[in-house]
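As annotated by Swiss-Prot, active site applies to Glu243, Cys277, with the evidence given as sequence analysis. Feature annotation from Swiss-Prot assigns NAD(+) binding site to Gly220, Ser221, Ala222, Asn223, Thr224, Gly225; the stated evidence is sequence analysis.
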Amino acid sequence: MTLWINGDWVTGQGALRVKRNPVSGEVLWQGNDADAAQVGQACRAARAAFPRWARLSFGDRQVRVERFAGLLESNKAELTAIIARETGKPRWEAATEVTAMINKIAISIKAYHIRTGEQRSEMPDGAASLRHRPHGVLAVFGPYNFPGHLPNGHIVPALLAGNTIIFKPSELTPWSGEAVMRLWQQAGLPPGVLNLVQGGRETGQALSALEDLDGLLFTGSANTGYQLHRQLSGQPEKILALEMGGNNPLIIDEVADIDAAVHLTIQSAFVTAGQRCTCARRLLLKSGAQGDAFLARLVAVSQRLTPGKWDDEPQPFIGGLISDQAAQQVVTAWQQLEAMGGRPLLAPCLLQAGTSLLTPGIIEMTGVAGVPDEEVFGPLLRVWRYDNFDEAIRMANNTRFGLSCGLVSPAREKFDQLLLEARAGIVNWNKPLTGAASTAPFGGIGASGNHRPSAWYAADYCAWPMASLESDSLTLPATLNPGLDFSDEVVR
């Protein structure tokens with residue numbers, strides 16, 4: 001039984017789904033998808049649970065959420081292993097994901113009060129108050145690259161605000177989704193407050209098509225995000241928060257420490273096997289001898305990055321991609337870039353056929369026309385050379401996306417210029433593109449989102465504002481507007 005609906009674990013009535021380790025092929029999880037009827041049941045359960053959950057005090061909801069944080073802590077080793085085995089990422093990285101999930105609780109509580117708490121301003125004849133109210137029933141679509149942390153970034157603030165939820169994990173990480181839901185069950189959530197439906201496209205379409213949804217929170221690809229945006233068009237009553245990908249540029253200016261710059265670039269482009277939405281996809285490198293030296297060093301160090309299994313010792317920097325199909329898509333993208341005229345610097349290589357262990361790829365595209373403005377979700381870095389910083393910024397902005405952008409340079413004035421001209425929601429200076437703070441908003445512009453950033457700003461899309469003018473007594477004003485006569489004289 002792999003679906004959690006109205007507090008009960010039930011068997012899906014849809015197609016059988018089997019999840020295997022992307023490197024070894026070991027069967028990790030199997031269960032049946034939720035069919036459309038079960039998705040409807042989950043929605044009705046969430047709707048029925050909403051009034052009581054929303055009427056609880058914030059403190060009562062906070063107790064359950066903090067109990068979940070404690071369960072994450074006590075089950076950290078087990079959940080780390082589940083995430084690592086299912087995604088293929090190394091154990092060390094899965095552990096950092098669980099730690100981020102734990103830290104998210106306190107951050108979300110603080111964000112709730114600062115972003116969407118209550119405010120009161122005294123007035124001469126009363127007060128003006130601001131409160132926030134939950135939307136109702138929200139659908140949460142989770143991604144596979146961080147199957148615990150990223151859905152958690154929607155679920156926790158939504159629950160704190162008083163919403164009820166239907167959660168659909170990625171069909172590529174059902175085991176992680178189920179494991180997290182079982183911890184929520186132990187935390188004592190009332191039946192129907194949080195529901196789990198497993199499945200792929202058909203389940204997702206049934207969920208997003210529900211008429212009784214009050215909103216949908218999504219993290220994933222731009223293609224799917226656009227489909228959801230079109231599907232919910234003409235329904236302004238539903239909140240839609242989209243966090244999508246990017247074709248992210250990293251600008252390398254003059255650097256004093258080449259190895260430090262190479263380390264930052266590798267962290268930006270290849271961590272999580274390139275499967276982070278903020279990963280650098282485009283390296284913009286200044287022309288000249290120093291740029292040549294940097295590029296040679298980057299290729300040499302990247303060549304020594306050998307992907308490994310989730311439990312290898314010593315631990316590898318990167319593991320496998322989410323599937324062998326995903327790895328093959330990166331290889332295909334590389335081949336297409338080379339056929340367009342790209343100059344190969346480091347070819348990606350599958351270490352073993354039928355697995356997702358893929359070495360990084362680097363290819364120079366300077367002077368090549370018609371390069372697709374698409375996100376290749378894997379360890380593939382394209383390089384362009386530039387002559388001056390104004391050109392670098394123009395190249396950085398030459399994308400329909402706008403998630404992250406970074407600069408490696410000792411010059412503060414160049415970063416200040418980038419801050420003014422960059423079109424990206426995250427702009428870093430001498431820090432990896434993949435570095436983000438939960439105490440800041442996380443999101444982008446253009447094809448990277450719909451102006452509903454998550455992380456610190458997740459509280460904003462989990463509640464709506466209610467403004468009130470209030471007075472505990474009613475008296476006739478001392479001065480009346482012109483034309484109003486409350487005298488006792490009879491008008492004839």
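Using N, Cα and C of the backbone, Cβ positions are placed for all residues, glycine too.
Positions of the features from Swiss-Prot, shown on the structure.
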residue	record	contacts (Cβ under 8 Å, 6+ apart)
Gly220	NAD(+) binding site	Phe141, Pro143, Ser170, Glu243, Met244
Ser221	NAD(+) binding site	Met244, Gly245, Glu375, Phe377
Ala222	NAD(+) binding site	Met244, Gly245, Glu375, Phe401, Ala447, Ser448
Asn223	NAD(+) binding site	none
Thr224	NAD(+) binding site	Phe218
Gly225	NAD(+) binding site	Phe218, Leu242, Met244, Gly449, Asn450
Cys277	active site	Asn145, Thr219, Glu243, Met244, Gly245, Gly246, Glu375, Leu403, Ser448
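Within 10 Å of the C-beta atom of Glu243 (active site) sit 27 other C-beta atoms, taking all shown protein chains into account.
Cβ proximity to the NAD(+) site centre (mean Cβ of Gly220, Ser221, Ala222, Asn223, Thr224, Gly225, cutoff 8 Å) flags the following additional same-chain residues: Phe218, Tyr226, Gln227, Met244, Gly245.
In three-state terms derived from DSSP, Ala222 (NAD(+) binding site) belongs to a helical segment.
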